[in-house]
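Participant: The structure is given below, and queries will be raised subsequently.
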Amino acid sequence: MLKFQTVRGSLRLLAIRRTSTATAASPNVRRLEYKPIKKVMVANRGEIAIRVFRACTELGIRTVAVYSEQDTGQMHRQKADEAYLIGRGLAPVQAYLHIPDIIKVAKENNVDAVHPGYGFLSERADFAQACQDAGVRFIGPSPEVVRKMGDKVEARAIAIAAGVPVVPGTDAPITSLHEAHEFSNTYGFPIIFKAAYGGGGRGMRVVHSYEELEENYTRAYSEALAAFGNGALFVEKFIEKPRHIEVQILGDQYGNILHLYERDCSIQRRHQKVVEIAPAAHLDPQLRTRLTSDSVKLAKQVGYENAGTVEFLVDRHGKHYFIEVNSRLQVEHTVTEEITDVDLVHAQIHVAEGRSLPDLGLRQENIRINGCAIQCRVTTEDPARSFQPDTGRIEVFRSGEGMGIRLDNASAFQGAVISPHYDSLLVKVIAHGKDHPTAATKMSRALAEFRVRGVKTNIPFLQNVLNNQQFLAGTVDTQFIDENPELFQLRPAQNRAQKLLHYLGHVMVNGPTTPIPVKASPSPTDPIVPVVPIGATFDVAMRFLYECPWRRLQELRELVPNIPFQMLLRGANAVGYTNYPDNVVFKFCEVAKENGMDIFRVFDSLNYLPNLLLGMEAAGSAGGVVEAAISYTGDVSDPSRTKYSLQYYMGLAEELVRAGTHILCIKDMAGLLKPTACTMLVSSLRDRFPDLPLHIHTHDTSGAGVAAMLACAHAGADVVDVAADSMSGMTSQPSMGALVACTRGTPLDTGVPLERVFDYSEYWEGARGLYAAFDCTATMKSGNSDVYENEIPGGQYTNLHFQAHSMGLGSKFKEVKKAYVEANQMLGDLIKVTPSSKIVGDLAQFMVQNGLTRAEAEAQAEELSFPRSVVEFLQGYIGIPHGGFPEPLRSKVLKDLPRVEGRPGASLPPLDLQALEKELTERHGEEVTPEDVLSAAMYPDVFAHFKDFTATFGPLDSLNTRLFLQGPKIAEEFEVELERGKTLHIKALAISDLNRAGQRQVFFELNGQLRSILVKDTQAMKEMHFHPKALKDVKGQIGAPMPGKVIDIKVAAGAKVTKGQPLCVLSAMKMETVVTSPVEGTVRKVHVTKDMTLEGDDLILEIE
């Protein structure tokens, strides 16, 4: 043996040297270069597509799938990095044969190379040529070689020229039944028809007599036509009871060819391989040498590149006959990989990149056989019914695994729908052992572990094959199945659990099968749309939309690279409702500018100059355009309104211009600017600052917005804010179309075509309909000039409406507006812009909820639990209002609480952003960005909830508005695109009855898979829970002053409390209220827990 190996090695070395010499001497050798492949598309489906994707992933190559309309639920499109529909409107198979669509997808998505898989277009020379013409590499042989090998007759001629023995057959495809007759007369029966342009058993028929000739010819022709697009056939003498042995070959672009030994594919049914084995058992070594040598010889004869298979028949005397070359990867390539440890798909890709086999470490002398491998093709066919294909949904799937077992599958999962459109292959099971019996034992064990319910499979038949003594002895041939009828003595599966589940499901749907007196059936439950104001402010994006505001900015900046973006910066409040350390405000502006923000409109809700200057400095140091905004209230045209006079605004403007603002803005959030006031204010500013851009912002609550903005324009304003017609009016901005039309043909003509305005408005009219639940017209039917009295800002006017309705004060909104006036005066007549407007609104609702007048609230100020926002305002947390704080109210409310003097941020220590980043990383266990750190710094609780929520749900930004707000209806089908090439196909199926835990099971179909989730029914759980109410006549019982959610509990049972001490914090919408103790005593019992939702007067705790 040692001597034989040495001689063989010497011969191989000599052959390599000769090849090298010949290559060097040839003047026509191609000079090829290595071109790496970065993106591969597989023009196929199912398990072979996934097999290639996995190899590409291992090589760091991006993958692209194509799929037909019938394959939206198939796993192969989900396994790829990108997936695209092909063959829209075509028959299922034709979709994968539609070359123009496939090439189009490849070119549009920058595909470097196409892998054809097996079947479909894998052996179509025109497809290989189309790829080449499109500048896309074909991972396989050259188009010419594919053409030659695909033409069975030409392949036969090439084999003869190479000195490879062939089975007697026709020299060209036959075109008539008459030619088949003539061949039969010459060579006798049996004969076999074979498809000239494809394999896999399709178009293949054995004929034993003249009587069978016509029928089999017709069937073979139609099968070949359907499978390969060409019905051409050729005829061969049929070798009876042969072994079907095939040799795996691999070639590169430099003339190197090697073999990876043979596979025995003799176990077939209707010429379809069922079980494959490598190497062939008990194969004579000399025959193995002849088979492999002839395979390499034939490949060299044709200049073969990439992977391929040379197939032979071996008769009972050991003579071999060439039958065909499959110029593609074979279904059974897996067993060769297992015994040679060569990844054929890796090799295919590398060869297509221009690498040589020696470069890959693939030399013939290095290829060794290691043990034995067996592959079983598990199909959805019923062997008890002549292998009739079965279709339907896989209700249960459990695979066999373990040492020595490999599974290649695509549709093998619970909920998968097996359609009649494609091959019935479910999963390929590959077992590898030290020898044939060991591999067979592993395979038998793995098949026994499988549990497939919902469709029939051939597993019981395969188990019989694995236990057959002839199989175990390795003496099978192509007649093995036909000659062993005991293989069809199938043991039925018990299937007990699934039968029980079927019964339970039937009862759940149809009621008991035994008649009962009362019948009950579940009724559908529609999702409840949350009644909250939806917008796109920084915190709302996280709080209600569950989207990252930074990501929104980044995406918009990418989509709109050449238009300046503007943001509102609440001075020292940044984008929050309170003050922050200075370093946080500066860092926020810096990161906002880095993410694409251009103009910073800086304002302060109290026009508190130190806060404004801090914001301007932060925006300017970040490199942004600074637009300082003066918040407007009062009426400069009314001499009796002296607090906010023209002189006040002009003095503030002087300070802002002196500080270096680039643009000056008047921010009229309540729409209080009357045309006369506009003329006075804007003309004064224009006269004082002739070169400074002036920007006016207002709301149209009163209905006078267009007139006011026209007055501003005539007085010298450069920019006024408007809204698309369909989004304008009432609490929004004035109409864009009205302003454009009114200035048309005048010196103030905007130059904007009205037709474009109309188109723009029409779009937003449709978009507005999606938010009907949040539209102010749900509760407001017109604007209201009483805004000149209550001075409620436009945005807050709408929010206040929703807040009032959510708190049960919808019928008392008129009282809320009146209370707003009183609350404003009670707090000293404030500039009302977020967050100061929110403070006034919180106080107004608190007064209405508790039936308090201004006089009563001021008188009882020492005992009342005012909203937290009011308390913090009086402490000085947002700055000092013009004219100072109201006294004695401030002293009564605050008592001994700390007070902030001067700019709040000046006394705040810098926030350790690095420590915060570390804390966030530890909590959320993922990479934290600088944007995340700032979100947490601005809104720690909101950000924490956002991260927790999106860790469980999402990505919600992929949903359209209706689905996000209402969810789908039962039986509704829809798609959700996660990213390009990643689309989810979803269908809502059913909602179960309530279970004992207050949950409902919701069923969906996701990409063809059945999914169910348990969801708590919060309304039902609330109805099941009866929370005690506080008795008003019992002084120690503390009730909720308004509906809300418990966000913090500050005491526990047994704790001693003093009068005015905080007990807990409630939150409703974005309004927080600190509930304080009205008495001194000891906490007897706490009746609430954190995150509990309370109604008004729900008992919070008892004090003795």
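For all residues, glycine too, the Cβ spot is worked out from N, Cα and C.
Automated prediction, rather than curation, is the source of TrEMBL annotations.
Here's the feature list from TrEMBL:
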- 156-353: domain 'ATP-grasp' (DOMAIN)
- Arg328: active site (ACT_SITE)
- 501-758: domain 'Pyruvate carboxyltransferase' (DOMAIN)
- Lys667: N6-carboxylysine (MOD_RES)
- Lys667, His697, His699: Mn(2+) binding site (BINDING)
- 1035-1104: domain 'Lipoyl-binding' (DOMAIN)
- Lys1070: N6-biotinyllysine (MOD_RES)
Participant: Give the sequence-ordered set of same-chain residues, not counting Lys667, His697, His699, with Cβ within 8 Å of the centre of the Cβ atoms defining the Mn(2+) site.
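Facilitator: Sorted by sequence, the hits are Tyr632, Ile666, Asp668, Met669, Gly671, Ile696, Thr698, Asp721, Gln733, Gly794.
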Participant: For His699 (Mn(2+) binding site), what residues in its own chain, 6 or more apart in sequence, show a Cβ-Cβ distance under 8 Å?
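Facilitator: Within the chain, His699 (Mn(2+) binding site) has Cβ neighbours under 8 Å at Asp668, Met669, Ala670, Gly671, Gly705, Thr731, Ser732, Gln733, Pro793, Gly794, Gly795.
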Participant: Any idea what the Cα distance is from the residue listed as 'N6-carboxylysine' over to the residue listed as 'active site', rounded to a whole Å?
Facilitator: 71
Participant: By a 10 A CB contact count over all chains shown, which of the recorded positions listed here is most packed: Arg328, Lys667, His697?
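Facilitator: Per the Cβ count, the most surrounded site is Arg328.
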Participant: Fill in the CA-CA distance, the residue listed as 'active site' to His697 (Mn(2+) binding site), as an integer in Å.
Facilitator: 69
Participant: How do the residues of the domain 'Lipoyl-binding' (1035-1104) split into helix, strand and coil according to DSSP?
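Facilitator: When I sort the residues of the domain 'Lipoyl-binding' (1035-1104) into the three classes, I find 0 helix, 38 strand, 32 coil.
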